[in-house]
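Participant: Attaching a single structure in structure tokens format; questions to follow.
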Amino acid sequence: MAAGLAITSRGKGEDYSGRMTIYVILSCMIAAMGGIIFGYDIGISGGVTLMEPFLKKFFPKVYTKMKEDTKISNYCKFDSQLLTSFTSSLYIAGLVASFFANPVTRTFGRKPSILIGGASFLAGSALNGAALNLYMLIFGRILLGVGVGFANQSVPLYLSEMAPPRYRGAINNGFQFSVGIGALSANLINYGTEKIKGGWGWRISLAMAAVPASILTLGAFFLPETPNSLIQRGGENHHRAKLMLQRVRGTHDVQAELDDLIEANSISKTVHHPLAKITHRKYRPQLVMAIFIPFFQQVTGINVIAFYAPILFRTIGLGESASLLSAIMTGVVGLVTTFISMLVVDKLGRRVLFTAGGIQMFVSQVFVGGVIAAKLGDHGGVSNGYAIVVLVLIGIYVAGFGWSWGPLGWLVPSEIFPLEIRSAGQSITVAVNFLFTFIVAQTFLSMLCHFKAGIFFFFGGWVVVMTVFVYLFLPETKNMPIEKMERVWREHWFWKRIVGEDVEDSKIEAS
């Protein structure tokens, strides 16, 4: 019995006409700014929490512990629930916002959700840059969280629905590529602003988030709505949707794809409570993936690197500037490997990249944990040679994430849901992602203090579990039209036992 089934037939999608158009590329570039604001925040948080003027103003106890307490362990210098609340408060706000984004995206379209996300993030960045006290800082983070919640709920859906089936992986992976651009930009800005005399460089770092947020907000006014959403909200008149489909596919011959969209919409209209509907048996595989994929994406330990890379490098003995520079280097690695994933994901498929990336992450985490356990005590640092070894190993780990769980953690959930539960399914994906991002962000510094080097073995163990999970339970989805995706579950060795008959019955009822 095979562990998974690679779908080699493309079914009805082979009959779809069209090509990759400039119109689609430009629209998706603007929408992918939602990834840049997400990545910028991830990158900026870890950098500013390392800046001494920022710590002195908002977290004086952490600053005193770092500078003056000679007895405290290396692993515990930054252990502060208040400090981690600065990072993690965004994700609780994003978690709540994602459920408000669900009805907005479903009822009013993908475009309004993107607009709300950009505007909220813009307001939050302005408030953070002007923050005079901790209350302004945290409230700004909450507004940023609302922005990220709406953007992460709507942008991956927008990208998947606009893209032609055979290019969907590359287009959707552009979201994670944008996250990488945002994180790298933040690390570069942090490296520059840390050197500003006067101690106000952190304000520039936080306020510069307004740049991608402004582009996203203004660009959202000019974005076209997806044909899927136009059909979903257009009643029986599908003329606008057909014109849009002709425009984004660059051909007048779009009837086959339009018919599939109309069929999917007719099924979706029978669903009045999608969050309740998604719990039904025939949607069981999608629900499992909506929960487990974002959960696994967070327990890879990537946010340990993304949020706290400068702090982690400071822990092993690097200076402030060297720590920020090291974070830039890992950001470049992540960006390059995500771009590689964009190029190969529609050729090699999702399962190959998931598996190869998982093995790479596990091996590198074990070696990082081993080196730190052997060479870093509670006081002092490691030699420059071993610090470079740790940096290289972390780069290998980031590369593994960059072409596997990073982009695919957003791609796969956005492409597997039928139209009737698509917005609800994406809300669950985003909510689970934010929930466990919050948990990891809030607990990591405390876990580092207590687990010490064992933290890397902890996350490495989860990487083993998730790699086995994907190998056994995730069917290949490359090149399958998004409105025909139920076929991959009916033909999978495990899921066909659960959904095979239900899916066939639903088709009979719909015909």
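Cβ atoms here come from the backbone N, Cα and C positions, even for glycine.
These numbers come from a predicted model, not from an experiment.
Okay, so TrEMBL annotates it like this:
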- 27-478: domain 'Major facilitator superfamily (MFS) profile' (DOMAIN)
- 20-40: transmembrane segment (TRANSMEM)
- 82-101: transmembrane segment (TRANSMEM)
- 113-132: transmembrane segment (TRANSMEM)
- 201-223: transmembrane segment (TRANSMEM)
- 287-311: transmembrane segment (TRANSMEM)
- 323-345: transmembrane segment (TRANSMEM)
- 352-374: transmembrane segment (TRANSMEM)
- 386-406: transmembrane segment (TRANSMEM)
- 427-448: transmembrane segment (TRANSMEM)
- 454-474: transmembrane segment (TRANSMEM)
Participant: Do any residues of this chain, six or more beyond the ends of the transmembrane segment (323-345), have a C-beta under 8 angstroms from a C-beta of it, and if so which?
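Facilitator: Same-chain contacts beyond the ends: 43, 46-47, 50, 169-170, 173-174, 176-177, 179-181, 183-184, 187-188, 190-191, 194, 305, 309-311, 313-314, 353, 391, 394-395, 398-404, 406-408, 411, 478.
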Participant: Tally Cβ pairs under 8 Å between the transmembrane segment (20-40) and each listed stretch (82-101, 201-223, 386-406), then give the stretch with the top tally.
Facilitator: 201-223
Participant: How about the transmembrane segment (427-448) and the transmembrane segment (352-374): do they have 3 or more C-beta pairs under 8 A, pairs 6 or more apart in sequence?
Facilitator: no
Participant: Across the domain 'Major facilitator superfamily (MFS) profile' (27-478), what does the pLDDT come to on average, as a whole number?
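Facilitator: Here the mean pLDDT over the domain 'Major facilitator superfamily (MFS) profile' (27-478) amounts to 85.
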Participant: So if I exclude everything within five residues of the ends of the transmembrane segment (352-374), which remaining residues of that chain have a CB under 8 angstroms from its CBs? That is, six or more out.
Facilitator: 300-301, 316, 341, 344-345, 382, 386, 389-390, 393-394, 396-397, 399-401, 403-405, 408, 452-457, 459-460, 463-464, 466-467, 470-471, 474
